[in-house]
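What TrEMBL records for this protein:
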- 23-288: domain 'NADH:quinone oxidoreductase/Mrp antiporter transmembrane' (DOMAIN)
- 290-343: domain 'NADH dehydrogenase subunit 2 C-terminal' (DOMAIN)
- 1-20: signal peptide (SIGNAL)
- 57-79: transmembrane segment (TRANSMEM)
- 91-115: transmembrane segment (TRANSMEM)
- 152-171: transmembrane segment (TRANSMEM)
- 178-196: transmembrane segment (TRANSMEM)
- 202-219: transmembrane segment (TRANSMEM)
- 240-261: transmembrane segment (TRANSMEM)
- 281-302: transmembrane segment (TRANSMEM)
- 323-343: transmembrane segment (TRANSMEM)
Amino acid sequence: MNPHAMLISTLSLLLGTTITISSNHWVMAWTGLEINTLAIIPFISKPHHPRAIEATIKYFLVQATASALLLFSSMSNAWATGQWDITQLTHPVSCILLTIAISMKLGLVPFHFWFPEVLQGSSMTTALLLSTALKLPPITILIMTSNSLNPVLLTTMAISSAALGGWMGLNQTQIRKILAFSSISHMGWMAIILIYNPNLTLLTFYLYALMTTTVFLTLNTTNTLKLATMMTSWTKTPMLNATLMMTLLSLAGLPPLTGFLPKWLIIQELTKQEMTLSATIMAMLSLLGLFFYLRLAYYSTITLPPNTTNHMKHWHANKTTSTLVAILTSLATLLLPLSPMILTTL
């Protein structure tokens, strides 16, 4: 990719995100989201492969529809109330339209169909951006409007996302698709608590982004795209694969690791809100995710292919990448003891 084009696209991504998360006016928030959409398109279409072009078109159509709905929602609210302020969303129809628009941007069920396909057509680094950085602006808008949203609609979509993300991830062999369904499932966890404790949603997003970034960068270092190639990477980079297993178990939410913290706090908050049934359903659905994370961990560290390829073991990868992955892996697995300090920020 041309360095100038890459610089402009990267700066536009930063600009679009900053505009959206710092705006109070609907039109500014919409402008930021549009800049983000246009800035990520060159990254998705970069490989010049039919699958990448298809992913770009799918992404553009879905995001354009969502942006149009968001604009329509804010205009109908302004028409009814005379307010363009994001926090003053009071018109019932506008609230539902906004929920639909943001759900399309985040890939919440039932507007999730585009997300696994777009991730499968993108490179690992672009898939990482789509899964983490580009989800921050829509989540910020949801947090700012959390007082006005419909709790029943959001809870239904959240439970559906956790269920579908778990079920659909079970039968996949492509790692990017597995991580896409993992993302849909995590979005469900964020959406269910949004109305009751928006700060907890933000904390969950930060920890999810941290763990997902670690997984994507590790897989990018070992150049792993399918479960079959994941088996052979053990002979090449044993230490990296061992730490990948820990990060995957953290993403699944197993207790002594970082990923347990948001799930624990969300279930605790749902119980406080007397939503015991929802908390139980979410806890049960997390077992589906645990199954495919364990499958990935099993493939990455325990399963060796029948004919191992004779590689020199790479104990040291690229220095910059390996330092970053080491720091991120430490954070993605060892933050649970710091939970009392983290809780003071909520």
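Glycine is treated like the rest: Cβ placed from N, Cα and C.
Pairs of Cβ atoms less than 8 Å apart link the transmembrane segment (91-115) most often to 152-171, out of 152-171, 240-261, 281-302, 323-343.
Beyond the transmembrane segment (57-79), the same-chain residues lying 6 or more positions past its ends with a Cβ under 8 Å from any Cβ of the stretch are 26-27, 29-30, 33-34, 37, 40-41, 44, 88-91, 93-95, 97-98, 100-102, 104-105, 111, 114, 117-118, 121, 130, 141. With pairs at least 6 apart in sequence, the transmembrane segment (240-261) and the transmembrane segment (323-343) have 3 or more Cβ pairs within the 8 Å limit; the two touch. Ranked by Cβ pairs under 8 Å to the transmembrane segment (178-196), the stretches 152-171, 202-219, 240-261 are led by 152-171.
Each residue in the domain 'NADH dehydrogenase subunit 2 C-terminal' (290-343) has a pLDDT score, and their mean in this model is 79. Through the fold, the transmembrane segment (202-219) approaches residues 124-125, 127-128, 131-133, 135-136, 139, 143, 175, 179, 182-183, 186, 189-190, 193, 225, 240, 243-244, 247-248, 250-251, 258-259, 261-262, 265-266, 321, 324-325, 328-329, 331-332, 335, 342, 345-346 of its own chain, all at least 6 residues removed from its boundaries and within a Cβ separation under 8 Å.
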